[in-house]
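Before any comments, here is the structure.
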Amino acid sequence: MSGKKRTASSNRWMLEHFDDHYVKLAQKRGLRSRAAFKLEELQQKDQLIRPGMTVVDLGAAPGGWSQVAVKLAGDKGKVIACDILPMDPIVGVDFLQGDFREEKVLEALLTRVGADKVDVVLSDMAPNMSGSDGVDQPRAMYLVELALDMCHQVLAPNGSFAVKVFQGEGFDEYMKAVKEAFKVVKTRKPDSSRARSREVYLVATGYKL
């Protein structure tokens, strides 16, 4: 019994230490959140963003992903970000505050995108968690479905999509829908993602619709 207690305690300590490592590293590098490391890991494996690209970042606040994206896209690139929460300005990022689920906010976002198609759609969106899977999972799936809808509206042929998805009810159906829209779809679990989290990232390339 005592051995099991020590193991559980050790696991909790390791998780907290692991989290602290990324939080401290983010602070040291001037990154706004530990989530920035997730996009960096996806970029290292899948080379999603290249100089000169146009990127849409959904669920952007506090700005960790936008910081990474604007650096990768460079001076000739463009990053358009949206979140229901406020976000301090980032040089090179066009930020729209509003609820992405509302039609008027979606229209405003599409206006900022303009007539030209975008190269990459990013979504790190997640609902406010209630602790009830029966409530949280449908909310989370609704958000990722909206992100895929955004791809259908703005993504250029052969464009890319990276989206956070929580494994659970609706995941398999969503994976099927993403595979129908893209040539290649990979499931990633970044090292910087909390081990206890059900979140994974779908990285889809070669938009074909």
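These residue numbers are counts, starting from 1, taken along the chain as shown.
A Cβ is built for glycine as well, from the same backbone N, Cα and C atoms used for every other residue.
Here is what Swiss-Prot records for this protein:
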| type | residues | note |
| --- | --- | --- |
| ACT_SITE | Lys164 | active site, proton acceptor |
| BINDING | Gly63, Trp65, Asp83, Asp99, Asp124 | S-adenosyl-L-methionine binding site |
- [ ] Determine, to the nearest whole angstrom, how far the Cα atom of Asp99 (S-adenosyl-L-methionine binding site) is from the Cα atom of Lys164 (active site, proton acceptor).
- [x] 18
TODO: Measure the Cβ-based neighbour count of Asp83 (S-adenosyl-L-methionine binding site), defined as the other Cβ atoms within 10 Å of its Cβ.
DONE: 22
TODO: Please report the DSSP secondary structure of Asp83 (S-adenosyl-L-methionine binding site), reduced to three states.
DONE: strand
Open item on the list: Return only the integer: C-alpha distance in Å from Gly63 (S-adenosyl-L-methionine binding site) to Lys164 (active site, proton acceptor).
Closed with: 16
Task: binding-site residues near Lys164 (active site, proton acceptor) (Cα-Cα within 10 Å), from Trp65, Asp83, Asp124 - done: Asp124
Task: Trp65 (S-adenosyl-L-methionine binding site) - helix vs strand vs coil (DSSP) - done: helix
Open item on the list: Among all protein chains shown, how many Cβ atoms are found within 10 Å of the Cβ of Lys164 (active site, proton acceptor), not counting that one?
Closed with: 23
Task: binding-site residues: Asp99, Asp124 - member with fewest neighbouring CB atoms within 10 Å - done: Asp99
Open item on the list: So the record assigns Gly63, Trp65, Asp83, Asp99, Asp124 to S-adenosyl-L-methionine. If I measure every Cα pair among those residues, what is the longest distance in angstrom, as a whole number?
Closed with: 18
Open item on the list: Fewest other C-beta atoms within 10 angstroms of its own C-beta: which of the binding-site residues Gly63, Trp65 fits that?
Closed with: Gly63
